[in-house]
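Noted in Swiss-Prot for the protein shown:
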type	residues	note
BINDING	Arg133, Arg134, Arg178, Ser179, Asn180, Asp181, Asn189, His219, Ile220, Tyr221	dUMP binding site
ACT_SITE	Cys154	active site, nucleophile
BINDING	Asp181, Ala278	(6R)-5,10-methylene-5,6,7,8-tetrahydrofolate binding site
Amino acid sequence: MTKADIIFKENIRKIMEEGVFSENARPRYKDGNVANSKYVTGAFAEYDLSKGEFPITTLRPIPIKSAIKEILWIYQDQTNDLSVLQEKYGVQYWNDWEVEGTGTIGERYGAIVKKHDIISKILKQLEENPWNRRNVISLWDYEAFDQSAGLLPCAFQTLFDVRRVDGEIYLDATLTQRSNDMLVAHHINAMQYVALQMMIAKHFGWKVGKFFYFINNLHIYDNQFEQAEELLRRTPSEVEPRLVLNVPDGTNFFDIRAEDFELVDYNPVKPQLKFDLAI
């Protein structure tokens, strides 16, 4: 069993056995009912990408390409415009979070990246001094929240650091999420930010190192308990999937495309499970 599958099953069991139920929940299912969840707090995982450990489960198929396209929309296009996500990338699942009448998700994610010129600053800092300890992406902007409606960012903070090991420079990343839907979004979010880590590493010709993942509220919605039990019953693959970025070292961050990524040795258990999302 891969490391990701071990962690996935452990987290499902912990939530189902030790979790508590939410109260006064904000999300709603499409039928209008309150989307309560069972949750635990303070979940943490560590993956050493340089040793082939990747945070993707084989217990069900994960749509990696659309997840990577979303990260390009946020950090390359730097926009909140849903038409860009749909027309350029063919991704539509953010439509449910459109701020009515705006064609956007509000002043969130890509809009905040652009507002603060975050990626240019991160790349400049790493170029001038790779060992600086100030490489922080923060999408938590109270001013923007006051000015615009919209879902507050779940994956809201990413930090980068470097290590030199045997003459090679490795880029590590830490992703912090305030909230995470364990069954639907957990591995999507993790692999998105691994892709971002790989893009920055390629920009400088570095190797990817470790990926640290902290989630404040890790939950399973109350209409997903049957799917959770099914995932626990499934027998995962013994082969570790790998995400590969097929561009030369030194490729500019903004020139990398979704098709440059390849998921190798990925043979997830089927059939796919269906989930009614909480909005």
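Placement of Cβ uses the backbone N, Cα and C atoms for every residue, glycine included.
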For dUMP: widest Cα to Cα gap among Arg133, Arg134, Arg178, Ser179, Asn180, Asp181, Asn189, His219, Ile220, Tyr221 in Å = 37
The answer, for which of the binding-site residues Arg133, Arg178 has its Cβ ringed by the most other Cβ atoms inside 10 Å, is Arg178
Set of same-chain residues at least 6 away whose C-beta sits under 8 angstroms from Ala278 ((6R)-5,10-methylene-5,6,7,8-tetrahydrofolate binding site) = Pro27, Arg28, Tyr29, Ala35, Ser37, Asp181, Tyr221
Got a sec? Which of these recorded positions, Cys154, Ile220, has the most Cβ atoms within 10 Å?
-> Ile220
In three-state terms from DSSP, label Arg133 (dUMP binding site) for me.
-> coil
For Asn180 (dUMP binding site), what is the tally of other C-beta atoms lying within 10 angstroms of its C-beta?
-> 23
May I ask for the distance between the residue listed as 'active site, nucleophile' and Arg178 (dUMP binding site), taken between their Cα atoms and rounded to an integer number of Å?
-> 5
